[in-house]
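Everything below concerns the one structure shown next.
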């Protein structure tokens, strides 16, 4: 039965009729949403609690709810640019610096360390009246030019080579920040689809990475490292196409003379958000969980490739291991989407942290050569180890990304999401430094691996430490809004609220969307109050 249409009473003045019509539209929208929710619930009851749409139906649902151009932007950015392009870049750039330039490069990742700057630009400085579209196009053109310069110039000076690859890295980083801003916006407008959007990101990145790692060796062998890098102009061109096609709200007559005030206001709002307990506590947990998961992969890599004391794996087999890792990551995305996404943040992070510590024992079995006693060759066991490790890491990473997307206030989604990703990157870097310190203390070098087993045990034990900080994570499920109402409410007038509503297929006005968000946040506040009480008790104990 279609939803009942509400009719305004007759005899009202024109202004009151207009207001009544707006309220009527809001009521109709809510009726439609309730009807849709009822249909989904009925379908779930008929098919059982484990009912899930087919992969094709899932893609169609996301394209319908979030607009097809958003889905295309995710596929282009995460799947083609970062996934496939990243796989080719990792292998081709290593050979480029080794065989062509014969120097070590370590500065091309700098653009990723300043992601909040790119996010701030996309949030507060529209170009030609658009906040997202121009940055996609700019990032794509930068990537095309940078990769063609590297590919077509046979005797490029090392300084210009560094600048070109830094420009290519900046191209991917800017596109990443821009699509992340779109994800954060849609997580606010569609909180029940936040986990699905993160699953879409992870699925595209995993499939793209699998393809990229699988063909990277062939491309380098067939056309050389420079030719393979030149092929990366194609993913950048797709980013341009995504920018042209993506649905973006036009903001005419933007006051550019007040841009500096908007930068100041965005900075103020970002600091105010970080002071909120609902935000800084999960942020602190995310940093500590990544910092305490120390990285000793450098020692494992040396042991894998050592000719005398290690496993003596070839370069080709190392690339194959990376590809299997992408398969494991893809399996992790599928498990999360179909089984784990409806669990609470706290329960899922607890499970993933336990599994991460347990999976580390596979490295210990391999280093102690216990796999040979079980009749499993090193090649097979190393592949199993990599696949399982990447799968569990992906399962841990997915809820952290969903949590990050739900902590972004309206108006500075791109900036704040980029800031949270920078915090995560600092956590990963801290874990890498801690792992390097452990390797140094245990005297594990490029040729000495006698104490590698001890480093593995220390790493696995440290992976259990974040469990003591789980009280910082909200108990709520991954479909709920986390921010308090005062952060979801814009300080500006109603027009600025409408401007922040982008990339959504809901054909309603900004007023009804904001009212709907405020209603959900009011319900969520009651849940978060219980979380605060539990956290206080945990702190006292």
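Any Cβ shown, glycine's included, is placed from N, Cα and C.
Keep in mind it's a predicted model, so treat the numbers as computed, not measured.
Under the heading region 'Disordered', TrEMBL lists 1-27.
Positions annotated as transmembrane segment by TrEMBL: 135-152 (among others).
The transmembrane segment annotation in TrEMBL covers 158-179 (among others). Listed by sequence, the residues of this chain that lie at least six past the ends of the transmembrane segment (158-179) yet keep a Cβ under 8 A from its Cβ atoms are 73-74, 77-78, 81-82, 85-86, 89, 93, 96, 101, 103, 105, 107-112, 115, 118-119, 122, 132, 135-136, 138-140, 142-143, 145-147, 149-150, 232, 236, 239, 414, 417-418.
The transmembrane segment feature in TrEMBL is assigned to 200-223 (among others).
As annotated by TrEMBL, transmembrane segment applies to 229-246 (among others). A Cβ distance under 8 Å defines the sequence-distant neighbours of the transmembrane segment (229-246), meaning residues of its chain 6+ beyond its ends; these are 69-70, 72-73, 76-77, 80-81, 84-85, 88-89, 92-93, 96, 132-137, 139-144, 147-148, 150-152, 168, 171, 175, 182, 219, 223, 503.
If you look up TrEMBL, you'll see 316-336 (among others) marked as transmembrane segment.
The feature transmembrane segment is assigned by TrEMBL to 348-368 (among others). Sequence-remote contacts of a segment are chain residues at least 6 beyond its ends whose Cβ falls under 8 Å from one of its Cβ atoms, and for the transmembrane segment (348-368) they are 289, 293, 300, 303, 340, 378, 381-382, 384-385, 388-389, 392-393, 395-396, 399-400, 449, 452-453, 456-457, 459-461, 463-464, 466-467, 470, 473, 478.
Sequence-distant neighbours of the transmembrane segment (416-439) (same chain, 6+ residues past either end, Cβ-Cβ under 8 Å): 112-113, 115-116, 118-120, 177, 180-181, 183-184, 270, 273, 283, 286-299, 400, 404-405, 407-409, 455, 458-459, 462. Residues or ranges marked as transmembrane segment in TrEMBL: 416-439 (among others).
Panel annotation: around the transmembrane segment (135-152), residues 73, 81, 96, 118, 121-122, 127, 160-161, 164-165, 167-168, 170-172, 174-175, 177-179, 226-227, 229-233, 235-244, 246 of the same chain, lying at least six beyond its termini, place a Cβ under 8 Å from a Cβ of the stretch.
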